[in-house]
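Chemist: The following block contains the structure, expressed as C-alpha cells.
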Amino acid sequence: MKIYLASGNVNKKREVQELLPSHTIVLPKDEGIEFDPEETGSTFFENAMIKAKALYHIVKAPVLADDSGLCVDFLNGAPGIHSARYGSIEGEHVSAEAGINKVLSELKGVKDRSARFACCMVCLLDENRFYSVQETCEGHITEAPSGSGGFGYDPIFFVEKFGKTFAELTSEQKNSISHRGRALFSISRFIKGS
C-alpha cells in the first residue's frame, strides 16, 4: 500500500520505511506537494491529527502522521511539542545542534536528568477511519552528545537497555525500543487488519 507520511523529514521517512517494509512510504515533497501545516495543537495527538487531516485533504489516500518530541522532567516536560523549534525566537525550526545545546545548558549542574521521547501517531485511511497511538521511551539526558546515528536529540538521549545513546545504536536496536518504533508496530497491526 502507498502511504503518505505527513512530514518533510527524510530521516522519519527512512525510519518509517524500515518499520513498514511492505508499504511504500511517500513524503509530500517526493511528489512535488507543498506541505507545511501550522501545528497549533497543544498536545502531540492534536498536532498529529492536524497534519494527517491536512495531507489527506490534498492526496485523498492513506496518511500517516506523527508528532513527537523529547520531554525532560526537570524542564516540566519541555521541549515537548516544541522540540523541533526549541530555543527559536520566532517559532521557526532550529538545528538539532541548537536544540541539543539549549537542553544541555538548561540541565547544567542538574542531577535529575530523566526524560522520555513521546510519539503520537495517527493513521488516517479515509475520512471515516483512523487509528491513533501514543508511545514513549524512557531514558535520561547525557552531559554531552555522543554518537553519530539517528537525528534530533538522539545524541543526548541515553537508554539503559543498551547502555548507549540513541545516536550510538544501530537502526535495528533503536527501532526495537523507540517511541516511534513502538507506535509503528501498533499502526502496522491496524493497517493489516483494515
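Even glycines carry a Cβ here, placed using N, Cα and C.
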Chemist: Which one of Ser68, Ser95 goes with Ser7, Gly8, Asn9, Val10, Asn11, Lys12, Phe151, Gly152, Tyr153, Asp154, Lys174, His179, Arg180 at the substrate site, as Swiss-Prot has it?
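Modeler: For substrate, Swiss-Prot names Ser7, Gly8, Asn9, Val10, Asn11, Lys12, Phe151, Gly152, Tyr153, Asp154, Lys174, His179, Arg180; of Ser68, Ser95, the listed one is Ser68.
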Chemist: Could you state the whole-number distance in Å separating the C-alpha atoms of Glu38 (Mg(2+) binding site) and Asn11 (substrate binding site)?
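Modeler: Between the Cα atoms of Glu38 (Mg(2+) binding site) and Asn11 (substrate binding site), the distance comes to 21 Å.
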Chemist: Which site among Asn9, Ser68 has the most other CB atoms no more than 10 Å from its CB, taking these as binding-site residues?
Modeler: Ser68
Chemist: How many whole Å apart are the CA atoms of Ser7 (substrate binding site) and Asp67 (Mg(2+) binding site)?
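Modeler: So the Cα of Asp67 (Mg(2+) binding site) lies 10 Å away from that of Ser7 (substrate binding site).
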Chemist: Go through Asp67, Asp154, the listed binding-site residues, and name the one with the sparsest Cβ surroundings, counting other Cβ atoms within 10 Å.
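Modeler: It is Asp154 that, of the binding-site residues Asp67, Asp154, has the fewest other Cβ atoms within 10 Å.
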Chemist: Rounded to whole angstrom, what's the largest C-alpha distance between any two of Ser7, Gly8, Asn9, Val10, Asn11, Lys12, Ser68, Phe151, Gly152, Tyr153, Asp154, Lys174, His179, Arg180, listed as binding substrate?
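Modeler: Overall maximum Cα spacing for these binding residues reaches 21 Å.
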